[in-house]
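A.B. asks: Below: one structure in structure tokens.
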Amino acid sequence: MDNPTTYLQNLTATLNSDNGVLGEKLYPKLSRRDSLYIVVPVTIIYLSIFVTGIVGNISTCIVIARNKSMHTATNYYLFSLAVSDLLLLASGLPAEIYLVWCKYPYVFGEVFCIIRGLAAETSTNASVLIITAFTVERYLAICHPFLSQTMSKLTRAVKLILVIWLVAFSYALPQALQFGLIQHERNPDMLMCTVKKVLIQHSFELSTLLFFVIPMSLITVLYVLIGLKLRKSNMMKKSSGKGKAGSCKHHPGRSSRRVLKMLGEFRLISSFSFFFFFF
């Protein structure tokens, strides 16, 4: 049996050995690609999202831009949301599909790594703020119509959209500058685009608070207030209509139902946007 000194020397040599069995277990070589059972379905899903997203959002922009009758505040928000989706799809999905088939080395360069991060952060931030702004607009129009009419809706929407994109870009820029290419010490071929340096402490937590928790809470509260207002208005119209002739075919609650349907559809869009932002 070896003495304690010899045993410790052998153990130290094993731990420090780059080619030792323990070293291979501690630093296994990462596969360049997952199984085809994973890669192929993911690629099909990504391609479907990319094609439908590009075609759908471009069509939305063309229809709104060419029809002057659709130049309304609501459609301007939808136009801006479509531009945000196009930016995210064009900058992210093609590279992501390539990385599904080849995780490393990252072949697009450090500049594209930063630009991709900037585009993703900007579009995500802008989408969340646009949905929030649209909800505030609907709240003012339904719950405070006189206040909403004091300013031009179209002018206010255009100015607000420009401010939203400026804020989204301003916050995304320092976030994107944190990205870069990192090379694994034990595997020189393992070159990846990830967070390289920290410029803002707790940036993820701050981003989650500013672009998820606060907007989601505000939107939820405003939709509850809108629903209560429409319900109250509908009940008042029904009670006032009981004294009228039964031959009257006017349905006072129909417009409220249309508004609720429209808000419900936009609420569904916002839920998906917040889901993808958070995950």
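All residue numbers here begin at 1 and follow the chain in the order shown.
Each residue, glycine too, has its Cβ placed from N, Cα and C.
Pulled from TrEMBL, these are the listed features:
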- 56-279: domain 'G-protein coupled receptors family 1 profile' (DOMAIN)
- 36-64: transmembrane segment (TRANSMEM)
- 76-101: transmembrane segment (TRANSMEM)
- 126-148: transmembrane segment (TRANSMEM)
- 160-182: transmembrane segment (TRANSMEM)
- 209-228: transmembrane segment (TRANSMEM)
A.B. asks: If you average pLDDT over the domain 'G-protein coupled receptors family 1 profile' (56-279), what do you get?
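C.D. replies: Across the residues of the domain 'G-protein coupled receptors family 1 profile' (56-279) the model's pLDDT averages 80 on the 0 to 100 scale.
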A.B. asks: Looking only at the recorded stretches 36-64, 76-101, 209-228, which one has the largest tally of CB-CB distances under 8 Å to the transmembrane segment (160-182)?
C.D. replies: 76-101
A.B. asks: What same-chain residues lie close to the transmembrane segment (76-101): Cβ under 8 Å, and 6 or more beyond its ends?
C.D. replies: 33-34, 39, 42-43, 46-47, 49-50, 53-54, 57-58, 60-61, 64-65, 107-108, 112, 115-116, 119-120, 122-124, 126-127, 130-131, 133-134, 137, 154, 157-158, 161, 164-165, 269
A.B. asks: Using a Cβ cut-off under 8 Å, which residues of the same chain at least 6 positions beyond either end of the transmembrane segment (36-64) come close to it?
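C.D. replies: That would be 70-71, 75-76, 78-79, 82-83, 85-86, 89-90, 93-94, 96-97, 100-101.
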